[in-house]
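Since the structure comes first, as structure tokens, the remarks are kept for the end.
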């Protein structure tokens, strides 16, 4: 018949069929009758719209055109239109629907930022919901009746033929009924370009995270806010403490989970702006560059859902249940969801850590991996020791900055409690006298002021103008004292030496080798903030959980996640040789080294003097002793075990390198007996001293930028060779070098790169 012929012509020209499958028109037999019929209909005036015979989805006015003629069709998408009569029903003040529109408009303007147009009202309130059949061998999309409300529970359980479905069909097998032809068009690229309004989700899991944002700027509907306060009220005080808004909004969430920047926040690692796409997202999803709303809605939903329950794998099926938005755009959102979720999984933002995975997260080609370890154990420079009755990390044990830190995430997944390190650190002098806190604060101020001057100096300096940090610090100090006429007292000089020893601990090197221009290069990037914590159970509990189910081959020294110094010493032969650019970068970084000593005592002799502090400091009696047991850590501050751990850094490392362990212990005991001179300090009942510099597969602790080098070397080390050899480890992570977190994230980064090859 004629309508069938028109459908055939439309399909051949790329146009869509009628919007209503159940609507039929009587065919005409002559061309004259056909022309008369055409006058009863009006096509959508939107350029490029494929709907030749639109159908009004609203049916609000008694005079609704339905599938007939109207003076104007209002386009929402290719497949969704409303007639001029229904427009007037809501828009004209004398019409019955005006009050409904006015009330919605009041809520929208109170919470949102976008225009409260009638089209926005229709998309937000009047379009029907679409839901997908959950039967595995069906998965067809069905349109709900106008009155039906979509909920996550309904989306999770919906089957064709449920009473909410408006498709009237006889027979027992409702799934056998054909899917609306409009659904097939939604997946076409042109369909999205013809969408008038972006999808704004209702009751998104991201809503409590983003209470300080305008909902429509972060992919959510202003009419669907569950907050009792309007968004305009939240924005009224621009200087509101955003952390309090966040913590109050997301009850029950770990304080270390802050995936979204709050307004006016910056500099927080692994945090995203909920109102804009990042560069790698724009590269992966260029189709959303002009209007990122759909992407932001999906990404924010996924991130929030993951952080609400990080102990279970987040799937597209779980997320799709929470995509509550009217119209065919919900079909498109669900289709895009899987791409976004896989991208975020590869990036390591979700589905990461110590998850128990029942089925692979990525396609089959990405799943074949055999870890090879050079040692007879896993961990490398992470090495837990329990010989002293408590867990002592011979290597790493402290987490610096827990907010969004993957290590904190793993602890949350395994219900492991970390010990928050306090800020109090009393400094004791030779003879046991405590240092006046005002002197410590004053010298800490001068120490940081010296580094600030170094930062100003380097702003216009090239690599060739670099100088050792130690020399620059002494130069700045000398100039300051000359210009100010001040003189530091003997004690103040010693306290300054203590702070310099901490700087050498941080760099893993004496300051005469460290770049004054780039010593803190990573501080130009967002860093992990929040509490510093001690892993009282050590790192092994996390590593062994990560290793579950993996076929790890030990005693196989071949992978390129080795410490930097092993590359510098050419202990691995590459054929063909590494590019000159990479070799230059390898040698522009320094191989830092610190050592540790741990002592177990028969009693906690320090308790009365330290009074529950997590650590205490040792003021070096002379500059030559700087770095020799500068800080002592109580490894069981709230328990009964008596174990102290201290660090050897700077020039002190070379001083103890060839000493016997008992001699190092004797030196340490001399220091402790000076610090606690007023009482008897017992002999240790057990101890150990690390020898990382002599460890054949380490020979170092962590990297630093040498004089004349730059932070760019970390990026160059991270470059793969011909897409076949990949490099990971802390010395390949420019943002987070020197840390277990940085090493872990470099592994996530390389795994993501391999999936793209």
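Placement of Cβ uses the backbone N, Cα and C atoms for every residue, glycine included.
Heads up, TrEMBL stuff is auto-annotated, nobody curated it.
Noted in TrEMBL for the protein shown:
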type	residues	note
COMPBIAS	1-11	compositional bias 'Basic residues'
DOMAIN	124-183	domain 'CW-type'
DOMAIN	263-361	domain 'SWIRM'
REGION	1-37	region 'Disordered'
Residue counts in helix (H, G, I), strand (E, B) and coil for the domain 'CW-type' (124-183), per DSSP? 15 helix, 8 strand, 37 coil
Overall pLDDT for the domain 'CW-type' (124-183), taken as the rounded mean: 87
Please count the residues of the domain 'SWIRM' (263-361) that DSSP assigns to helix (H, G, I), strand (E, B) and coil. 49 helix, 2 strand, 48 coil
